[in-house]
Amino acid sequence: MAATTTTTNAGRSMASWKRLSTLIAAFTLSWTSSFVAAAGSADYFVHDLPGAPDGPLVKMHAGHIEVTPDNNGNLFFWHFQNKHIANKQRTVIWLNGGPGCSSEDGALMEIGPYRLKDENTLVYNDGAWNEFANVLFVDNPVGTGFSYVDTNAYIHELTEMAANFVTFLERWFALFPEYEHDDLYIAGESYAGQHIPYIAQAILERNKNAGPVNRKWNLSGLLIGNGWVSPKEQYDAYLQFAYEKDIVKKGTDLANKLEIQQRICQKEIAVKPDKIDYPECEAILQDMLQLTAGGVGASGKNQCYNMYDVRLKDDYPSCGMAWPPDLKSVTPYLRKKEVIKALNINDNKSTGWTECNGQVGMNFNPKTKPSITLLPDILSAGVPILLFSGAEDLICNHLGTEALISNMEWNGGKGFELTPGTWAPRRDWTFEGEPAGFWQQARNLTYVLFYNSSHMVPFDYPRRTRDMLDRFMGVDISSIGGQPTDSRLDGEKLPETTVGGAAGNSTSNQAAEKAKLEMAKWEAYRKSGELVLVIVIVAAGVWGWFVWKERRKTAGQGYMGVATGERHSISNNPGPRGNLSGGGDRTRGQGLAGFRNKRSGRRDVEAQDFDESELDDLHLSKPEDPHADSRYSIGGASDDEEEQKPGKGSSSRQPGGRS
């Protein structure tokens, strides 16, 4: 018995030592991994940046991370640390489009901390997005910008791209574990409207299997600017946008030719509805740019519309491919040997930086469905999405974005409809005293239109887009002093934020802003007649109670209250209800869209009370207010558009590309 006890105790002791040794080994491995990761991250530190302005250099890291070892697939990143921490840590990932266009466009021409004054000189970007968030630019997919891969291994599918990106993030967080618990936002523009939802879906799937080793990532929101999301609505928007901007006049031979091509496009989409790109539809934009070209510019060449900003003209057939003007400095700057060295570019990257790699675009031939099919599930998973548009962009224009929102069903509703016949109000946005656009919001989706802006909204208005970002992220900077910016919706001053280099006052009262939004929604209900119905129901209930009491008095069964006077009869007619263009018609892309230019008042068409017979008396008219035609609410027929970028030498934007 004693021997048995001794043996048992010895066994337990041995088991305890095994457990302890396992814990020690795990701790040692963890410590070693952390040490290796820390040492590895130091290799990515950017010690200096040629041409940077005087003063402290923004803390940054850059370099390559291998994602597909079998074919040398490496993604390049450039990370900028936030200048301030406001109530929580946040990281914003930025992606440009193409497919195959470098995110260094975003870093040096849009939202990064620096912009190029010329090819040798950097200046601070007033409105950079790294004020209250770390910003991570990634050249995605492999082969784009500074990223590289074997020439026979370009990706073909969106799911493949997303898997590579998740691998990148896992290895990036292993190098920089201090950011893995950040609120994570994914932002970008143009063809990134396909990439971002697929990456988000892959992250959500990964999070389902998260554990002690694979930590859950705090995916907190998506921002897509002038995105290519839903081909059906966006191809259909080309011609509609051209009509509204007077690029093409209805009834002309040119209009008839383009309408024929549009019908060919629509037929192809009807037959094959799940594609992302259609040559028959790309031809609408190509033909439009060619057939509207005319006049001779300073270069002696015919002039065509800039497809990224229709207020501008360009030499045909460039039509915007050399735009924006900063691009002429970005390419030579990123090809400088000292810049390549500073950004820790691998020697395996044998070719110089190009804005858009045509090989990436030509090899990308996805069979996966357009990203519009993913948005409802992402929204229902609790991930907020913000879509924003520049009003002067042709290729991915705002009409198409508004149409795809109007036709999309998510979180128990369709489009921005709050209840049948009642639409979320469009709230006029002024920024520092100037009309900036409008905001519209419902069920976790936000839409922002920027007046007087192009395909690359942050290029035009970095300060306004920073204000948009901070509000979307719910930045609370109450602990930081400074002069706040003046940003208002419907004339009401918003919770205070800051843009540019100076810190702002406070955005702590996010609840107050939500309350204002609820008030605006209630105003929409009131205008549409919903409030009248509520009053009638309540009044009918009160009247019924008085009738019951009087009957009990007459029967001698009730108590005797205050002496009663005349009974008041309450009509059960709820009064006029805002029909909202025939109720469901607007949600099918019909209704009042043809009359959007008729509006001259401040109220939303969807929220106004009117008799349906008045539709017969409406006529098209051109508003004098340059913003009037931009304020109609989502829910009617509207279109958006996309772009192609023909070659322009070594940094060519390829046909069909949306950067």
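Heads up, the Cβ atoms here are built off N, Cα and C, so glycines get one too.
Annotated features in Swiss-Prot:
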COMPBIAS  616-630  compositional bias 'Basic and acidic residues'
COMPBIAS  649-659  compositional bias 'Polar residues'
CARBOHYD  N218  N-linked glycosylation site
CARBOHYD  N348  N-linked glycosylation site
CARBOHYD  N444  N-linked glycosylation site
CARBOHYD  N452  N-linked glycosylation site
CARBOHYD  N505  N-linked glycosylation site
REGION    480-507  region 'Disordered'
REGION    565-659  region 'Disordered'
SIGNAL    1-38  signal peptide
TOPO_DOM  39-527  topological domain 'Lumenal'
TOPO_DOM  549-659  topological domain 'Cytoplasmic'
TRANSMEM  528-548  transmembrane segment
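Location within the structure of each feature annotated in Swiss-Prot.
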| residue | record | contacts (Cβ under 8 Å, 6+ apart) |
| --- | --- | --- |
| N218 | N-linked glycosylation site | H181, D182, D183, L184 |
| N348 | N-linked glycosylation site | H64, N72, N74, Y148 |
| N444 | N-linked glycosylation site | L379, G382, V383, P384, I385, W410, N411 |
| N452 | N-linked glycosylation site | A391, E392, D460 |
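Following the DSSP three-state reduction, the secondary structure of N348 (N-linked glycosylation site) is coil. Under the DSSP three-state reduction, N444 (N-linked glycosylation site) is assigned to coil, being neither helix nor strand. Note on the topological domain 'Lumenal' (39-527): mean pLDDT across this stretch is 92.
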